[in-house]
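So the structure is just underneath, and the comments pick up after that.
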Amino acid sequence: MHQKILILDFGSQYTQLIARRVREAGVYCELHPNDVSEDFVREFAPQGIILSGGPNSVYEDETPRAPDVVFTLGVPVLGICYGMQTMAAQLGGAVESAAKREFGYAEIRARGHTQLLRDIQDRVTGEGHGMLDVWMSHGDKVTALPEGFKLMASNAATPIAGMADEARRFYGVQFHPEVTHTLQGKHILNRFVHDICGCGSDWNMPDYVEEAIGKVRSEVGSDEVILGLSGGVDSSVVAALLHRAVGDQLTCVFVDNGLLRLNEAEQVMETFAQNLGVKVIHVDATERFMRELAGVSDPEQKRKIIGREFVHVFQEEAEKLPKAKWLAQGTIYPDVIESASAKTKKAHTIKSHHNVGGLPETLHLQLLEPLRELFKDEVRELGIALGLPHDMVYRHPFPGPGLGVRILGKVKREYADLLRRADAIFIEELRASGWYEKTSQAFTVFLPVKSVGVMGDGRTYDYVVALRAVQTQDFMTAHWAELPYTLLGKVSNRIINEVRGINRVVYDVSGKPPATIEWE
């Protein structure tokens, strides 16, 4: 039985990152809504509890609160941002709107006399004060400590940036230790779960494999399952997991929608059908998708159409499998976050995802999402634990709608053909130069505009493509990859010379935020 941390979600976009950091520490955790019952908390029997951030103000009517049992159970509690504020308010302190809001980097003085922050600092001032570089995102602040608490961290804008009641092992921080911008954040969370909560490092991927297999078997029983197999990391890992769990009860449906990477269909069929022995049905639906997408330029509309047609194809294939009761998908945490929190519905929608936003009520299959609680790096670990090839598991992410969201505006077969050839050249050169492993995601975007060029003695008027490569630890934030000019030049020359119809190549130097990784 795992030692467990309970994370209560108050609606922050960062909440799932808390879970990721705790798991990285080798500690099992679960994320649940903030309004769970007292009986649930007691039955969960956590070693410690973390209260997440959130968009509300604790002094307003009807704002969320932590269940009272959180503070009477006798286990350590860490409140983050709003979690600290509701802790303060519920235990007798005061919270007010801040005259000066803090969003972004901040420097705070860490008072090292508490167990949580002792000897954790980024630097020491001439006066001997330990300082931390942290990430703030708040418009309210604690103005009076509850009884039994002492000051743990502060700066000019936020005099109470951290608080601690060491007798009860209650801690609150106004900053976000779960994001990478807080340089010592991982150290702080490790200190909480290991030293303060007393958890060991007993959660690991091999154990998770057995738990996931058991859960799938329990849920599915003797029913048959169909899975949309694209060849991407997520669907490949789902296929391997389900094949291990239910064997021939799994049928994979590979849908060629005309928006896949170069030679994708051949590679998928060879890897899974021939090498792994998985049952795979190959459906060529290119004409169908192109017909439905004709004339549509709005990105959200394209995503919805592609998602809808996938569902229709699966329904048609399911009718040929009378025992099929389940539709499996490779939905992972970042998909859910960007579509809005699936657990609480409190995070703001950024963009819809075809895995979580396009399933109609008339779908006759139940949804099975075994990767729903995992981040991308955890999915890759799971794939390795399941015995999948390294190159397959560490392939860059590919969006569910495929090239449909990498062709800006209207989707045409001509555009898709040009894009997949240009993209193949980019990826080939990244691999040859050793940069593929140094980037987290790289791809080419087709711009439906033409520019003037010169080739030989003639004038050209052809299309433009943009190269995009980013580096990230969690896909929540990302930096553009500083690829060598010589590499970019070689890719550009090859694309322009080898892909007739493209005469200009540009490179995207936008980070996330403010841009998203994909263009649409």
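Positions of Cβ are set from backbone N, Cα and C atoms, glycine also.
As recorded in Swiss-Prot:
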- Cys81: active site, nucleophile (ACT_SITE)
- His176: active site (ACT_SITE)
- Glu178: active site (ACT_SITE)
- Ser230, Gly231, Gly232, Val233, Asp234, Ser235, Ser236: ATP binding site (BINDING)
- 4-202: domain 'Glutamine amidotransferase type-1' (DOMAIN)
- 203-395: domain 'GMPS ATP-PPase' (DOMAIN)
- Should any of the recorded positions Cys81, Ser230, Val233, Asp234, Ser236 have a Cα within 10 Å of the Cα of His176 (active site), which are they? Cys81
- Query: Including all protein chains displayed, how many Cβ atoms other than that of the residue listed as 'active site, nucleophile' lie within 10 Å of its Cβ?
  - Reply: 27
- Message: Please report the Cα separation of Ser230 (ATP binding site) and Cys81 (active site, nucleophile) in Å, rounded to an integer.
- Response: 39
- Message: Quick check: which same-chain residues outside Ser230, Gly231, Gly232, Val233, Asp234, Ser235, Ser236 lie with their CB within 8 A of the centre of the ATP site CB atoms?
- Response: Leu229, Val237, Val238, Ala239, Gly330, Arg395, Phe398
- Note on the structure: In three-state DSSP terms, His176 (active site) is classed as coil
- Task: Average the per-residue pLDDT over the domain 'Glutamine amidotransferase type-1' (4-202) and send me the rounded value.
- Result: 92
- Message: Of the recorded positions Cys81, Gly231, Gly232, Val233, Asp234, which one has its Cα closest to the Cα of Glu178 (active site)?
- Response: Cys81
- Task: Measuring Cα to Cα, tell me the gap between the residue listed as 'active site, nucleophile' and Asp234 (ATP binding site) in whole angstrom.
- Result: 32
- Query: Here are the recorded positions: Glu178, Asp234. Which has the lowest count of other Cβ atoms within 10 Å?
  - Reply: Asp234
- Task: Tally every other Cβ atom lying within 10 Å of the Cβ atom of Ser230 (ATP binding site).
- Result: 25
- Message: Rank the binding-site residues Ser235, Ser236 by how many other Cβ atoms lie within 10 Å of each Cβ and give me the one with the fewest.
- Response: Ser235
